[in-house]
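What TrEMBL lists as domain 'N-terminal' is 7-134. According to TrEMBL, the domain 'Polyvalent protein metallopeptidase' annotation covers 162-216. If you look up TrEMBL, you'll see 24-45 marked as region 'Disordered'.
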Amino acid sequence: MSKQQALHEQIAEKLIKALEEGTSPFQKPWTDDHTAGYQTPLNPTTGKNYRGMNALWLAMQNRDDPRWMTLKQASFNKWTVEKGSKATLINFVKTTDLVPVTDAKGEKVMGENGKPKMQTVKLDKPIITTAWVFNGEQIKGIPEWKEAYAEKQAEQKWSPVERAEQIFAASQAKLKHGGNDAFYNKTKDYIQLPKKEQFDSAAKYYATLLHEVGHNAA
């Protein structure tokens, strides 16, 4: 089983169990895009929210701080990861790569610093790769997150179904209803589910929906 499959299975299993039991793994009163509602975990070094499977998985870590970043990103900002901190695995789609610049003979071109010059090239096909990220609570020197978002933060509690609605909205996934199958169409990039009235309960509907959202990772 690949890391991607293992991560997806962990997410689906935890989501379905929580919804069936009427509990929620998403208890943090964050605000989405710094407004009232659910806030998707975000990367403070890029200013972007995590999406799809990564957003679900990071939210399920039940951290008070919604910020997540790699060790390299933290170091670039002169922040340090606390000794003994455990990183969290995420997946992302890679469309470019950094490779050495070569001359007509295929030899590496060296820069003034004595190191090979590098260039960004577009990959023929996107690939799914992994990264390890740390939460803001595990990082020293980073500004306190409540101070950063205090003015627009809204403390709200949500039921599991309400959480599911918020999480689905944050995933930005496209959804269609009809038929008797539940699946994610990777080619056309949308989720297909049976109609809501075909499910025994709202919990089962949203468990199925969030399971498919896991396939919609970005």
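Placed from the backbone N, Cα and C atoms, the Cβ positions cover glycine too.
TrEMBL entries are annotated by machine, without manual review.
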Summary of DSSP states over the domain 'Polyvalent protein metallopeptidase' (162-216), given as helix, strand and coil counts:
28 helix, 10 strand, 17 coil
Local confidence of the domain 'N-terminal' (7-134) - pLDDT mean:
80
